[in-house]
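TrEMBL has this to say about the protein:
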DOMAIN    7-156  domain 'Glutamyl-tRNA reductase N-terminal'
ACT_SITE  Cys50  active site, nucleophile
SITE      His99  site 'Important for activity'
DOMAIN    207-334  domain 'Quinate/shikimate 5-dehydrogenase/glutamyl-tRNA reductase'
DOMAIN    349-447  domain 'Tetrapyrrole biosynthesis glutamyl-tRNA reductase dimerisation'
REGION    456-503  region 'Disordered'
Amino acid sequence: MSVLLFGVSHRSAPVEVLERLAVSDHDRPKLVDALLTSHAISEAMLVSTCNRVEVYAVVDAFHPALEAVGSVLGDHSGMTVNEMTRHAYVRYSEAAVEHLFTVAAGLDSLVVGEQQILGQIRNAYLNADDNKSAGRVLHELAQQALRVGKRVHTETGIDRAGASVVSVGLHRAKALLGTADVHDVDTRDTEARDAEVGHARPAGLRSAVVVGAGAMGGLATAHLARDGVDELVVVNRTVAKARHLAANVATNHGVAARGVGLDELPAAMATADVVVACTGSVGSVISVGEVHSALAARTVDAPLVICDLGLPRNVDPAAARLPGVHVVDIEGLRGDSETQAAENDTLAARSIVAAELADYLTHQRQAEVTPTVAALRHRAAEVVEAEILRLETRLPGLDDPQRDEVAKAVRRVVDKLLHAPTVRVKQLASTPNGDHYAEALRELFELKPGAAESVSAAESGLAETGHATQSGLAETGHVTQSGLAETGRQGESGRPMTPGSGE
């Protein structure tokens with residue numbers, strides 16, 4: 001069994017493609033269940049954020065599994081195979097593991113080093129666990145990926161500025177309004193920043209609207225409160241949630257905040273400097289008509305800046321064409337200098353990813369040979385018992401103590417003969433092409449492929465290794481327009497081990 005990754009992200013696809021493939025929390029279990037109907041897929045986890053949609057599947061055959069993933073995502077998005085493959089990437093086995101570790105570290109995020117992705121991976125993993133779609137391999141993989149992310153954020157300064165999609169989006173909004181300071185994306189204490197730059201901060205935002213009361217909405221209100229916004233309105237489909245978030249902001253930050261329903265959105269926008277839209281809704285939450293109504297009633301002599309941080313997009317794209325309106329979206333944040341981390345922090349994070357990957361693969365390769373070793377010992381035990389039975393038939397005069405001593409002697413001889421090669425094959429399994437040694441054992445001792453699989457986890461020593469089995473390390477798959485993928489040199493013949501709406 002190997003891990004297959006099929007994904008699209010901000011690096012490979014425009015927002016239009018990402019929003020077609022985006023999967024809501026409500027739809028995620030249905031898609032995962034659909035993936036598991038394929039005989040080639042035994043486990044599945046789906047990560048969907050405002051910057052990526054990725055399927056991680058444990059498969060026993062590369063091409064059939066990839067076809068199944070493409071079919072499920074195609075049915076969900078209404079996209080053809082060719083439309084998806086123009087923007088998709090495929091990773092297999094070792095490359096899939098490395099990619100997930102890199103994503104968990106925040107190194108593949110739109111804002112390098114942001115921490116939201118770690119919660120999103122945790123959310124995807126918990127969803128897979130609740131849905132019973134995560135087995136031993138994905139449990140091991142997801143848990144180690146979360147450890148990688150925690151190590152990176154603990155041991156490096158990659159997130160020292162507390163940057164996120166929200167902070168970068170707000171920095172762009174304030175730049176458009178002429179209130180941005182070059183250090184605004186730095187979330188350290190305000191006085192410390194002012195002392196460092198040697199001048200007072202320019203006038204900040206007076207009024208802001210946050211549409212959405214989820215994790216991203218909470219992050220947006222916290223950023224706005226720290227920036228010193230005078231008035232904050234939280235808008236949400238469920239008014240109680242909007243009021244709850246507004247009350248928290250007022251209590252924790254001393255900001256005048258209130259929560260309202262979507263019907264009051266145009267009136268709230270009419271007096272706002274900036275609107276942050278960050279819901280997980282499918283379809284536009286802010287229509288061009290609502291923006292037009294807000295402009296007609298507007299009393300603020302300044303442009304209306306809307307940060308659309310949702311995926312699918314929360315704001316009707318036509319709103320950006322209205323005079324006096326600026327829309328900052330995910331697409332527009334690509335390449336922003338504020339999204340990059342310091343080079344030394346990035347290098348340190350990559351070093352952690354490399355070390356964790358090596359550790360993971362070592363354990364996986366060692367675990368791969370364990371069922372074969374267990375099957376070999378099982379075969380040897382069968383031979384020993386057969387020979388002891390034959391000996392008892394030929395030498396019926398042996399008394400019980402003699403019979404026991406003979407049996408112990410035979411077993412000791414077999415154990416001693418098997419000890420060195422079984423220990424050595426586990427050591428060699430962690431080397432490149434280590435699976436060849438397990439293959440040699442199966443060939444030399446005529447062990448059937450199913451023999452190793454029939455041994456229980458307790459017999460096979462999985463508890464000792466603490467890591468799930470993964471069969472072999474294949475080459476990375478490559479997407480083509482003519483089909484979903486090809487595996488380069490490897491192919492199928494090789495043998496193979498919490499939450500937010502924006503990344």
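Glycine is no exception: its Cβ is also placed from the backbone N, Cα and C atoms.
Curation plays no part in TrEMBL annotations; they are all automatic predictions.
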Where Cys50 (active site, nucleophile) falls in three-state DSSP terms: coil
The residue listed as 'active site, nucleophile' versus His99 (site 'Important for activity') - Cα distance in angstrom: 18
Lowest local Cβ density among Cys50, His99, which the record lists as recorded positions, within 10 Å: His99
Helix, strand or coil at His99 (site 'Important for activity') [DSSP, three-state]: helix
Secondary structure content, the domain 'Quinate/shikimate 5-dehydrogenase/glutamyl-tRNA reductase' (207-334) (per DSSP, counts of residues): 54 helix, 31 strand, 43 coil
